[in-house]
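Have a look at the structure below, then the notes.
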Amino acid sequence: MLTDKGKISVTQLAFLVFPSILATAILSVPGITMHYAGHDMWLSPILGSLIGVTVIGISLGLNRLYPGKTIMQSSLLIAGWLPGKVIGLGFLLFLPHLNGLIILEYGEFIVNNALPKTPLLVIMGTMVAVCAINVRQGIEVVSRTAQVFVTLLVVMLCLIFVLLTGELRPAELLPFMENGFVPIAKGAVAPAAWFSEYTVLAFLLPYINSKKHLGRTMLVSLVVTTLAMTVTNLFCLLLMGDLTDSFAFPVMIAARYITIADFLQHIEALIIAIWIFGIFVKISVFLYIFATSAAEWFGLDDYRPLVIPLAFVSMLFSYWVVTGAAGAAALISASANIYTMMFLVGLPAAIYGLALLKKGLKLLSKG
Amino acid sequence: MNTASEAEQETQLTRRLAENGQVLRGVFAGCEDVVFHSFQTIHRTSALCVYCTGLCNTERLEQQLLAPLEQTGLAVEPAVEGSAEVPVASIHQIRTVGQAVTAILDGEAVLLLDGQASGKGYPLYKVPTRTPEEPAAESTVRGARDGFTEALATNQSLLRMRLKTPALKLHSNTIGEYSHTKVTLVYVEGIIQPGLVTEVNKRLSRLNIKDVLESQYIEQGIIDQPFSPFPQMIATERPDVVVSNLLEGRFALLIDGTPFSLIAPVNMFSMLQSPEDYYENIYMSIFVRWLRYIFYALSLLLPSAYVAITTFHQEMIPTVLLLSIARAREEIPFPALVEALIMEIAFEALREAGVRLPKQIGSAVSIVGALIIGQAATTAGIVSAPMIIIVAITGIASFMVPRYSASIATRLLRFPMMILAGTMGLIGVMLGIILVVIHLSSLRSFGRPYLSPAAPTFSKGLKDVLWISQPRSK
């Protein structure tokens, strides 16, 4: 039993997933990958996308074995009632961490770039409230708002890239692979953590109305996401060179390079403003997953009553996950990335492995 | 009818004329316009003809009904049921008191004969009507010049004239406890989405109102979300608009007594389409349509964007422009938000005054508005000139919306948007936009998502939103 009656199309699902990965990735990934991979940082997202393929595979596989069930529900069938509930509890304890982190990232981003004197609580609180309203309307509305905003987002992203082409210095690409392959792999950990967020599919796949072209669309989505991340990295590198990792939000610095006809300058505020749309979709998706998962775990019929309290919990966690900016930096670094991947890749992979094992045993005992 | 109890309505007419007459006289006690004409036919049968003077064509009544019966005997006495006695079309049988009352109030002449338990209704209407004129609110340069009138029959004929097919179905409901207004549901069979007709009829039957003076009375009662500022039905006076919408699978409601018909299910984009988009050169139409989309967004966002940028993000304004804005704002005692609120409210007040005033005095309002609000306020240093420009552009933008009811939403939402802009800058504006989009996404017009065909996407419909789908010759 799903806790939401709404149905969405595969395209809408792709529109939901795209900003769920990219909205914060574009802000943070260039700096982090630069830190580890240096000049070759644009290769890191491509390597990281392998995790994306894995996670999409796991999600689709689980959905094929247990159609119409989210990972919360299928884990009960796969591992048994009590272990399944424990796994679910794991997700429920992890999701507020992730939500809190995303909300905090948004707050820091706005405070740093647009409203330095406004208290964090106001910035994050208004956003979470808006997302909670969105989530309460159900998956159909969440995906429709995503469609509207992602279209705007993509147009704007393309616009930034096109307007910046004149400023690029391709020489920054050299020396290529100066220190071999290892730094690239190290740099790939951060994008991989973001790609692991494709696990949202395991929670959202039951809501699609038809499985036609499902795998293909998801792969296209992965390619587009990888491409966007690579291009962003490349642009940051070609614009700022080695300086990239000294900025918290390199893309915003890149946007400052834009001038059109000496008239349209300093359009960062506009870019920040439109970027809010992407983050709004991302927070909505994760809040939705949090609320539906919690409702499923507690065995409720409807997830809606949980949305506001859980939004509040996420809000609290955004204060609890870190202490100060130094803590925030640590949380999007290596150890935190591994923590994220443990829940978003490791746990689903274990569940899927168990499911395959069970299926194999069943086939053996039959035949 | 309300004076008659339910039981009385169901009362069958009796064979005795005097009794029937008494009952009807009781029902219509105090209604001076209802005439009871007692006479004897040429065959010496007593008869009673009841009609309403204003609604019934007395001249035709005299010539076609009373004269043949009373004097010439040309008409065969309507003793045999169903025989065509008098040259009047669509005569119908009346068996109960309720039917008789309804028929009389509809403008029919009701004839009761002694010794017969049923009467006859002769539809000799004379409804006060005007000829179809070009609708003032929806004029086009090129396109049909006729518009709906207050008379339902005329409106129906205007539609039938354009759709000569038996697939065009009309189905009437009577709505309004006191007004008994006829509301005709119109649709094209085979094109309309199945199930929609039953849904509309269900919603209409659930309506419980006293009267229907305007289409809004119906609209408010049957739309999915009555508390939304966005219109969920198109109100139009143009028969060509109704026809083109019928052919797109929508239904229309024609309402007796108002020239406005209602069309549904609609989406956001149909509010921004004018019939003329399809009547003019295609490139011009695409250009105008996109202009309209942009200005519709401006009519909501321009004042708040100005407030946000001048208050929070001055760096976005190019230096030269910033200097001239700063110079203009130097003397202004108010912050940009207050300035914007004052001007927008003044503009809305002017607009309302202009609509309500008689036409002869109307021009005075624009003189006062332009001179005092525009000229004097800037010279006195109360309002800055850039703000006047912003308000003027916003005003023009809201006039550009082809559907008046759609511009209401942006006019109302402009104010909370400005307050958000004044408190949180562009972030506030974005939060406002997000809230509006959430609302639009959750809105449905008769079950259809309001933002379709954009979200959820239907590629076929999207084509008509982004450019124009034109009829092609085979």
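Any Cβ shown, glycine's included, is placed from N, Cα and C.
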Stretch carrying transmembrane segment according to TrEMBL (options A:118-136, A:251-269):
A:118-136
Counting only pairs 6 or more apart in sequence, are there at least 3 Cβ pairs under 8 Å between the transmembrane segment (A:271-291) and the transmembrane segment (A:118-136)?
yes
Winner by Cβ pairs under 8 Å against the transmembrane segment (A:12-36), considering only A:74-98, A:118-136, A:148-168, A:188-207, A:219-241:
A:188-207
Tally Cβ pairs under 8 Å between the transmembrane segment (A:148-168) and each listed stretch (A:42-62, A:118-136, A:219-241), then give the stretch with the top tally.
A:219-241
Short question: which residues 6 or more past the ends of the transmembrane segment (A:338-357) have a Cβ under 8 Å from it?
51, 54-55, 58-59, 61-62, 65-66, 71, 74-75, 78-79, 87, 90-91, 94, 98, 189, 192-193, 196-197, 199, 202
Which one of these stretches, A:118-136, A:188-207, A:219-241, has the most C-beta pairs shorter than 8 Å to the transmembrane segment (A:42-62)?
A:188-207
